[in-house]
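Quick look at what TrEMBL lists:
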type: COMPBIAS; residues: 269-280; note: compositional bias 'Polar residues'
type: COMPBIAS; residues: 302-314; note: compositional bias 'Basic and acidic residues'
type: REGION; residues: 265-314; note: region 'Disordered'
type: TRANSMEM; residues: 12-32; note: transmembrane segment
type: TRANSMEM; residues: 70-94; note: transmembrane segment
type: TRANSMEM; residues: 106-125; note: transmembrane segment
type: TRANSMEM; residues: 131-152; note: transmembrane segment
type: TRANSMEM; residues: 182-201; note: transmembrane segment
type: TRANSMEM; residues: 346-366; note: transmembrane segment
type: TRANSMEM; residues: 372-389; note: transmembrane segment
Amino acid sequence: MESSILESIGVEIIGVMSPVSICMFLVVLLVYSLSSSSSPSSAVSDIRTAANLVYAENPSDTAAQKLEGALLNALVFVILIAIVTFLLLLLYYYNCTSFLKHYTRFSAFFVLGSMGGSIFLSLIQRFSIPVDSVTCFILLFNFTVVGVLSVFGTGIPIIVRQSYMVCLGISVAAWLTKLPEWTTWVLLVALAVYDLVAVLAPGGPLKMLVELASSRNEELPALIYEARPTTVARAGSRGGTSLGLLSSSSSSAIELQAVSRDNKDRNVNDNLNENRSQGGRNDEEERSPLVGNGGGEGGIVDEERHEGNESRGGDVEIAERGIKLGLGDFVFYSVLVGRAAMYDLMTVYACYLAIISGLGCTLILLSVCRQALPALPISITLGVLFYFLTRLLMEPFIVGTATNLMMF
């Protein structure tokens, strides 16, 4: 009997949703812990980044001024992201892979050392933890170095790598929650729109970047969360299903796409083509209903490698990979719930459910459409929509009915 889509990708989806949920939960705890002694307005006025480079929000400004300034900030930030993405595409096109890997390592070191260190110092001050400056520096330095080695090193337990990827997402998200309120919401919507264009447009930078990596059978040097470790199977075995989802991220844009399971996959495909030219098996009998074109863009790769590779020895190794999610997903999902946490817990619950539902819909839609899809638009749209619906409609209704003893 044919398995359903949910049966095929359910375990993998849970493997992605769990760390995303943990990241959002810890960001909410940080927001509550660090902003309990001060008002949200004072907490967002001491940060200056590329996201609020043009306009610094002032509480005394009118709504029209805040909206105009937030739109300008979002426009400048998206333009900067697009420039950086095209620059990375240019470097990758000219095979500057070593430079990109070193740049990614430096980025992880900078995030853990500066943003993570800032959060660490804030927690020390908030809870009055007795620790001297030398010990604090040693702890932070060791945490940062071990984090970089864990994320990019080999032979590291997968749980350690996953934990540090979540720490990276928490550090950036907690830092970005200090942005002004209007700028935060407009920026999230703008990034979702940019992600949609960058992935689906014919000349989109992320689309070209992932297609180039797919044509080379290489993995992009980016901060990507692995849902499970890579397992290696022989081509002669009838392995089970695998999910070839790749999420490639620049600073803020994410794409999900199916990738070949190993750099040697082309040899297997060439061999299958030779068998077909000699009167081999029918393709339709070897593929499940969810299989896309081998090596091309698709949502779910669920292909069985049969025996019959005698011309190449039948000893080709294939790496079966699980879902991989870009760090940008963790960051902006957590920024959304972190901003909601500055209002009340009811909006946090609503935004969390909306984000998780959007992520699940994206993954399922990806397996059905069998083409590259952006990961931000559905979740961010639902999250922003549920935030304002809960804040403007649901929260007043529930509070009013509870106050009048109509609902307990």
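Glycine is treated like the rest: Cβ placed from N, Cα and C.
Please treat TrEMBL annotations as automatic predictions, because they have not gone through curation.
Proximity of distant same-chain residues to the transmembrane segment (182-201), defined by a Cβ-Cβ separation under 8 Å and at least 6 residues beyond the stretch ends, is recorded for 51-52, 55, 57, 66-67, 69-71, 73-75, 77-78, 81-82, 85, 176, 207, 252-255, 332, 335-336, 339, 372-377, 380-381, 383-384. Relative to the transmembrane segment (106-125), the listed stretch 131-152 leads the set 70-94, 131-152, 372-389 in CB pairs under 8 A. Residues 101, 104-105, 108-109, 112-113, 116-117, 120-121, 124, 160-161, 163-165, 167-168, 223 of the same chain lie 6+ residues outside the transmembrane segment (131-152) yet bring a C-beta within less than 8 angstroms of a C-beta in it.
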